């Protein structure tokens with residue numbers, strides 16, 4: 001124990017015993033931890049004498065660190081102890097185990113960055129090309145690395161899922177970064193379907209190749225020794241050139257980027273195909289009455305990507321058509337924002353338009369307006385139709401019998417006879433069965449008594465002693481006109 005305890009002495013031992021096992025904990029490192037570490041090193045077949053120096057601790061750390069992921073808790077504790085002891089030997093102050101581990105990680109990261117930088121500087125000094133897929137090996141030879149099956153699979157999957165929608169073009173551009181004409185032809189040949197579109201693409205490539213030949217005529221005379229021939233349009237398309245020639249053109253000084261030129265031709269043809277597969281014009285993109293504004297904006301910009309126009313024209317379309325083709329609800333909101341509103345402000349302002357909450361709010365406003373108009377109409381109608389009441393007792397208007405000041409009439413208010421009230425009166429008005437109202441008692445009670453009744457006495461009261469006898473024809477006519485009491489003739493006329 002004494003031999004192992006002599007690893008630290010003097011000021012190093014005092015610094016060791018001030019370091020805590022855990023951040024904020026009470027327990028600190030002691031000599032027993034060094035003794036335990038030396039025994040564990042023997043168990044792992046390592047030399048315990050390495051604990052006495054900084055370089056020895058560094059070697060132990062290098063041996064134990066790769067095994068931390070699969071090691072036991074004892075191995076991790078041993079590693080932590082060695083790291084703390086490593087910084088005590090360097091006289092670097094640490095407060096606890098975690099701080100020592102953080103310092104070690106930071107030190108290793110800096111060392112790794114320096115190593116990578118040195119490797120990169122060495123590669124640049126030797127002129128090694130890092131331009132994928134054309135790489136320069138250590139012998140200085142240009143080597144082509146073909147496209148991986150994963151890249152080709154991603155391209156085929158995009159074509160199968162998206163057909164030739166506008167997002168296919170940036171996907172093709174990303175997957176074909178730095179590719180040679182041979183790589184580009186490999187990508188095009190992997191497309192199984194859509195042969196009509198591929199034929200359109202071939203026609204576009206042939207047109208661009210012919211234009212290249214017209215603008216870059218072949219120089220007369222033989223080619224000087226050691227100089228490459230100039231690429232023709234068919235060479236750029238990869239039909240009359242080999243892979244070695246393509247690499248030589250792309251890496252010569254000055255280089256001829258045949259891969260980038262061919263890529264531009266393909267993208268030009270893809271733009272034509274996208275326009276054919278997206279026949280909808282930007283002028284036809286209009287927001288539906290119930291369509292959320294966000295979905296409308298998505299459709300608008302998806303169609304705008306397929307439009308073959310300059311950025312200035314697309315900006316004008318966005319500022320003008322996006323507001324003009326919105327539905328009335330959103331258009332009102334967008335016009336209130338003004339012409340300088342950003343897309344974020346538009347989408348925030350129109351958020352919820354067309355949704356359930358917006359519909360409920362509009363419906364509530366419409367119902368409140370309709371209800372208010374109906375109430376005002378009813379109030380105005382009631383003002384013009386004031387009910388006129390009539391007293392049953394005195395027959396005057398303006399009050400009812402309960403408030404009448406005239407002497408109370410005796411008997412029934414309906415027939416005038418005493419002995420019963422109006423509710424028990426047997427004299428009924430004409431019903432739907434045709435029961436007639438006595439002609440000598442005026443009009444029935446359900447008619448207004450506005451017709452003046454004759455006040456002259458009957459003819460027999462003059463005392464002439466003569467009776468006015470009706471003629472036989474008049475009597476027969478009266479019998480025919482008066483229907484029986486239980487007849488429906490009074491209701492339906494001569495149909496019965």
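Cβ atoms are placed via backbone N, Cα and C, with glycine included.
Annotated by Swiss-Prot as region 'PPIA/CYPA-binding loop', the relevant range among 163-171, 172-180, 217-225, 235-243 is 217-225.
Under DSSP, the residues of the zinc finger (389-406) split into helix, strand and coil as follows: 3 helix, 2 strand, 13 coil. DSSP labels the residues of the zinc finger (410-427) in these numbers: 3 helix, 0 strand, 15 coil. DSSP assignment over the region 'Interaction with host AP3D1' (12-19) gives 7 helix, 0 strand, 1 coil.
Under DSSP, residue 408 (asymmetric dimethylarginine) is assigned to coil, being neither helix nor strand in the three-state scheme. Under DSSP, residues within the motif 'Nuclear localization signal' (26-32) fall into helix, strand and coil as 2 helix, 1 strand, 4 coil.
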